[in-house]
Amino acid sequence: MEVPKDQIATLLENGLYNSAQILGCFLVSSPAANAESSPHLKIESLVLLGDSFYREREYRRAIHTYKQALQYYKMIPKQSMSSARSSLSSNRSSSPNSCNTSVINENEVKFKIASCHCFLNENKAALVEMEGIPSKARNLPMNLLLGKLYRISRHSRAAVAIYKECLRHCPFILEAITALSEMGSTAKDIISLFPQTPNRSVRAPFDPTDSSRWLQRYVEAQCCISSNDYKGGLELFADLLQRFPNNTHLILEIAKVEAIIGKNEEAITNFEKARSIDPYIITYMDEYAMLLKLKSDYSKLNKLVHDLLNIDPARPEVFVALSVLWERKDEKRALSYAEQSIRIDERHIPGYIVKGNLLLTMKRPEAAVSAFRGAQELRPDIRTYQGLVHTYLALFKIKEALYASREAMKAMPQSAKALKLVGDVHASNSGGREKAKKFYESALRLEPGYLGAALALAELHVIEGRNGDAVSLLERYLKDWADDSLHVKLAQVFAATNMLSEALSHYQAALRLNPQNEAAKRGLERLEKQMKGVDPDAPEEDEDNDVEDGDGDQDETELL
């Protein structure tokens, strides 16, 4: 043979992909690998060349080459297979990329083609290839990819069946556990799939009562999070973290949940802890970026984005972080970054949330609804409900906003944020303010430290002329919270009651805590006008958007 086929396999095994690619071109064009005289060698050579393209991330070239191999494979007469096998038996490579006893493994090649399509975000084409592999011929990696593709294409029932099959084969497929929990499977259902006898694919027998009890706790934690029981999920993750200290995966899971439920300082601390253990982490770093932006810590945010770009600029998390960084400077550019994150991974939830918030800021509420709906279809959490409610309110679609807020309250009955969301809808019209007050007070009873509800209740007091109640409420929180938003709200109340020096003091306090606080900056500008005797506000008429929904009132009362 002019070009030794086994040498290409050796180059691939040793990671020398470029050399394998060049040598593969020689092999494929060699007279010895003639499609008519040696079809089996031609097919094997094309698969090896495709492998070299795949390893070099030249996915379109890989797909083209693999499909050529399959075309030649289908042209080989069945009766010539036995002679091909005998002629190959003496010089067959032991590489996993080499062909099996039927010249090549057709299903493995289809799997490689599907994998290439996935990397190119061509999920429909990938699914077509995977569905061409018989179920009995699929191995564990094939099933995992098929489950992912079914889930992307919203074939939830088929995805559940595939992921369950994965766990029956091996209980330690954590991505299958997470997927099943997010698709509604209970912890009991998932744990019942775990094999109770030694499995050849698992080195040690699975013992649910001893060494793998942590796995059951992990299942329970993921199911809690997926069912919006964030408190229960955090407790379970914390227990696991005691057993596995400095486990970056657990720390990141905890930080992500804390970010969702608004425990921002705790989340920031955990994200930074994870980065101190492993400075090259990218997972959930866009969530960390969103928190830094909320805190107006732009020096840390800038450093984070710089680090992420140096680690892997092609990840969706990096584009979300870029979007968050650019939002203050160039909203259109920020929006393009958010959209790029979704193009890279159409299931990347933070991309949809950031996109929705940007569109809302840019006065494009109709498009914002679509973005928040996209996030909610993937995995509803309090942030997607908040986005939808505030967007519907911006569109004056009060009934839709009320429906979404009640949906959040029913999904998360122990969430102060969900209660506050219903209050926000009622507070949007004069006829619902008394109801709004009850919801805000219920939120504060459920979570006394929830500043969002305190600020909303104070705003309601101001609207109804109870400025003294607003001041006493906010000053009560100020004793325990050094928060710039509290100072801004107090300043606004004092400014409204013409106590200008007190207003000035609180605006200055807010800017000391957060020099980037835009509301404080605008407030100071308004205060200057007031001090000059100029009315900073034109009179506004109340919108008449009374909500008539008697059927829902009883549900709300029960949930309160």
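Note: Cβ is positioned from N, Cα and C throughout, glycine not excepted.
These features come from TrEMBL:
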type	residues	note
COMPBIAS	521-535	compositional bias 'Basic and acidic residues'
COMPBIAS	537-560	compositional bias 'Acidic residues'
REGION	521-560	region 'Disordered'
REPEAT	43-76	repeat 'TPR'
REPEAT	484-517	repeat 'TPR'
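Summarised as a single figure, the pLDDT of the repeat 'TPR' (43-76) averages 90. Note: the repeat 'TPR' (484-517) comprises 27 helix, 0 strand, 7 coil (DSSP; helix = H, G, I, strand = E, B). Here the repeat 'TPR' (43-76) has, by DSSP, the following mix of helix, strand and coil residues: 30 helix, 0 strand, 4 coil.
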